[in-house]
Amino acid sequence: MMQPTPAPSSAPGSPQRTQAEPEMETPSYPQPPQNVGTAPFSVLVKLFEKLATERKQERRRKLLDAWFRHWRREKGFDLYPVLRLLLPQKDRDRAVYGLKEKNLAKTYIKLIPLGMRDPDAIRLLNWKKPTERDKSSGDFPQVLCEVVSKRSSVIEGTLTIDELNEILDDIAKNMGKSDVQSKILRRIYNNSTADEQRWIIRIILKDMNISVKETTVFAVFHPDAQDLYNTCSDLKKVAWELWDPSRRLNAKDKEIQIFHAFAPMLCKRPTRKIEETVKAMGGSKFIIEEKLDGERMQLHKRGNEYFYCSRKGKDYTYLYGKHIGAGSLTPFIDSAFDSRIDDIILDGEMLVWDPVSERNLPFGTLKTAALDRSKKENNPRPCFKVFDLLYLNGMSLLDKTVKFRKNNLRHCIKPIPGRIEFVEEYQGETANDIRKRMEQVMENRGEGLVIKHPKAKYILNGRNTDWIKVKPEYMDNMGETVDVLVVAGNYGSGKRGGGVSTLICAVMDDRRPDSDDEPKYSSFVRIGTGLSFADYVWVRSKPWKVWDPKNPPEFLQTAKKGQEDKGDVYLEPEDSFILKVKAAEITPSDQYHMGFTMRFPRALAIRDDLSIADCMTATEVFESLKSERKRKMEDDAGITTKKRKTTVKKVALLPEYSGPNLKKVAVKTDIFNGMKFVVFSDPKSRTGEADKKELMKTIHANGGTCSQIVNKNSEAIVIYGGSITPYDLKLVIDKGIHDVIKPSWITDSVTLGEPAPFKKKYFFHATEERKYADEYNEDDGEEEGAVPSADEQERDVKSGTVEPGSETEDEDEEQAPEIKEEQDGELHEWLKVDDRKSPALPAHDEEDSVTEDDSDNADVADEEEPDLDDWFQVKGETEDEGAGALATASRHRETTPDVDGDVKMGESEEAMDYDPDVIFKHLCFYLDSPANAQRHGMATRPKYEAAITKSFEEVEKLIKDNGGKIVDLDEPKLTHVVLDKRDDSRRVELMKRTSKPRRRHLVLSDYIEACIDEGTLLDEEGESF
């Protein structure tokens, strides 16, 4: 079975288009309405500033609506020039500028100009680093604005909206040409004020922070704008198709179209317990799929033409092939399609398959595989794993059921192993069916499953209970993580001082009766551990506002007494973010509006891929409580009666991970003669160790030597091809002595027959000395979507800081809604709000049930579910026939082990939180040392026993010094099992022995040191098995 490979949310491993690549088919657009002119960019800047500082969401809508109406009245009905600047992240025509904060800083230093030792030059280059004097640190556009304002002589900007769009078009067209882009940016510098440049830089960085969501902009622009965008992912088409606010789309216009990118359906976040997922299926048999972590991809085919694009609408046809004579995939899959197909759209995941090792390679190799034009049979290649059929022979299948679509999918495609395959799927009926499949996935180092209701329809850009992710249940969390909204914060002290260090989080209160009021949020939990230094830099750059106890935020409901949920500062929901949190349990508390809080909470990640609409609701909190109480009642009633047997199983040893035996590898060339290498494996890749061995063999075969250890004074070249920085590699990087090179340098050198130049593109991390080398700087620029290097892995700091105390005074509830302007009469007209004209907004769907149809195409759904016999003569909804039938999972009833009482985390019942200064307090660790393994009847590897024993002695001291407890394998409160990477042969057995009542985290010993270095509890995923 093919295994999934890790994939970042924004597809950083995916390649970017270059000038040499062929132009893609130009989309057809309706004739745009003609404007009578444009407007000064300054009036749009005034709108940005009003939106960014306005507290009330309804007032922001009215401001936006007033501005749109004035444009239509004075300039015309073509709002595309404005929408491109309001929603730069949605502008496909300017997908890439090739300019990030670092490049912009260097460019501005030259064009101002500033000396490299000038304090402002240093400030621009080090904009992320917080200082006591520099309150705007972490917000690059604001830092730039302050630097420019000291030197710019422009009092009034002269750029118009059309001129700015032309300038931005020129910057995008000249991506990678720094000299040309610098000249274009000089036009901006010479013709706009410092404040205007601040907003232009926000547009270039595609990070506006104007407190207005994309859905709000679309809803104000036109009632059908969001529906149309979901079907085409094309801002220009939305602007020109819907220029008339009074014209409504018909149902056909909201369907997907061949060769038009659409916003795919997504999975709902996992439920707290697997039983809840089963319940959400409404008693139906359901479909179980393994969750694949490749790159989400849609494939369109019409006749002999193909079109590929990502979840975000990025066109990858140039990579995979527009026709059978082009690309790295199309020539090999054309024969897989049934000859009766005229046109078809498939949804699936793009992976990288290695025919030699018969497994998937790390996601970072997708670019190399996709660009490979050699067509050699044994080279790694893209493989498309299909899980849905959405369009067939002119008919949209969005309103058909999953079962129907899958049944017909198997009659449309004949799988070609390693090229195009179906996602493996099983039928389930009980929670035990899911757990059985989860056990298989976990043993294969997978990360989860997707459960689908067989009658689910396909909802564009939708996320409901018809598709649910399932992840394993762990001892130190409630069975799953939750996504909560950060609403407020408290300042830290001591080593955590200098800004916000504790975050107050809330859930959306969906218990309130339906009304036109803005959503309210109920305080729920405080988080003080789990985030890294880079995360805190990003968090502190947010536009925090001072908390006024006499006038607290209207959207936030807090406890009547107590101070736990009262912050020093707060964030408006539109400026906030979702935090992924795990905790031991939910417990009663009168310190939060919910009446409950989380015990031992800690942050796992900032979910910048989620919107505030993905926030956990109050109803979901109470559902979690109900299911937990039910579980306890069942335990007390003795439903789980069978105790686990203590029979010890002997397990087979896994291959050694010290490196391959190179004695039998013949040396064929002297390409790497005299060069020494240390190869690191990718901990996120299931084939990491195997990939490492193959690379070491390649090095040896070409004259190089390999070592296992990086010595301080060694001149060894470090090789690493992952996307994260494992702890042991971080230690090497921190020394500042060694470069870290990507494996592509090895393969390219072998191809060239000599060592390839050390260009920037080959570096995962470069030392400061290397960065000044001519060879290193030969590259024209970085590619969009490239896997981030170690130097770039700190979170990109978001902009939009509002200094405490800088906001305008809160408005009285009875204040008239008309906005008072101190500007001239013309500007006043742009922002004049008319209460009688409030844009209609689509209603929010509250019901996620499969019985409630929330499809955009509900108005055209047939009363009966026809099959596609008219097109294809295939089977319909029957369960039995042929290729459309699902493999049936075993449904035998499994018994669960008895648990002596309700085991709770913590040293006492009263303990509620982690201690940020004693990070392992309340956690219990089992060390998989050779002595412990032998005592429990498990085999060990004698070769490493002494070294591993000594290492575990040091790990034990670190754990104890930081508040943790060392326990035995059968300790009920056990939370972590620590292994040494030199001998992980007992991983599967330890996983089985510690999986009840919930799984324990299996981590490498490096995880302990990484936590101590960061001063917080890190997410175990990076160092787990």
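Glycine residues also receive a Cβ, built from the backbone N, Cα and C atoms like all the rest.
According to Swiss-Prot, the protein carries these features:
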REGION    1-36  region 'Disordered'
BINDING   GLU289, LYS291, LEU292, ARG296, GLU349, PHE387, GLU447, LYS452, LYS469, LYS471  ATP binding site
ACT_SITE  LYS291  active site, N6-AMP-lysine intermediate
BINDING   GLU349  Mg(2+) 1 binding site
BINDING   GLU447  Mg(2+) 2 binding site
DOMAIN    667-763  domain 'BRCT 1'
REGION    773-904  region 'Disordered'
COMPBIAS  775-785  compositional bias 'Acidic residues'
COMPBIAS  806-816  compositional bias 'Acidic residues'
COMPBIAS  817-838  compositional bias 'Basic and acidic residues'
COMPBIAS  845-870  compositional bias 'Acidic residues'
COMPBIAS  891-904  compositional bias 'Basic and acidic residues'
DOMAIN    915-1025  domain 'BRCT 2'
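Here the domain 'BRCT 1' (667-763) is broken down by DSSP into helix, strand and coil counts: 35 helix, 13 strand, 49 coil. Reported as a whole number, the C-alpha separation between LYS469 (ATP binding site) and LYS291 (active site, N6-AMP-lysine intermediate) equals 8 Å.
The residue listed as 'active site, N6-AMP-lysine intermediate' falls outside any helix or strand according to DSSP and counts as coil. There are 18 other Cβ atoms within 10 Å of the Cβ belonging to LYS469 (ATP binding site). Under the DSSP three-state reduction, LYS469 (ATP binding site) is assigned to strand. A simple way to gauge crowding: the CB of LEU292 (ATP binding site) has 25 other CB atoms within 10 angstroms, across all the protein chains here. Mean model confidence for the domain 'BRCT 1' (667-763) is a pLDDT of 84.
Here the Cβ of GLU349 (ATP binding site) has 20 other Cβ atoms within 10 Å, regardless of which shown protein chain they belong to. Residue environment of GLU289 (ATP binding site) contains 19 other Cβ atoms, counted within 10 Å of its Cβ in all protein chains.
In the three-state DSSP classification, GLU349 (ATP binding site) falls within a strand.
When the domain 'BRCT 2' (915-1025) is classified with DSSP, helix, strand and coil residues number 46 helix, 20 strand, 45 coil.
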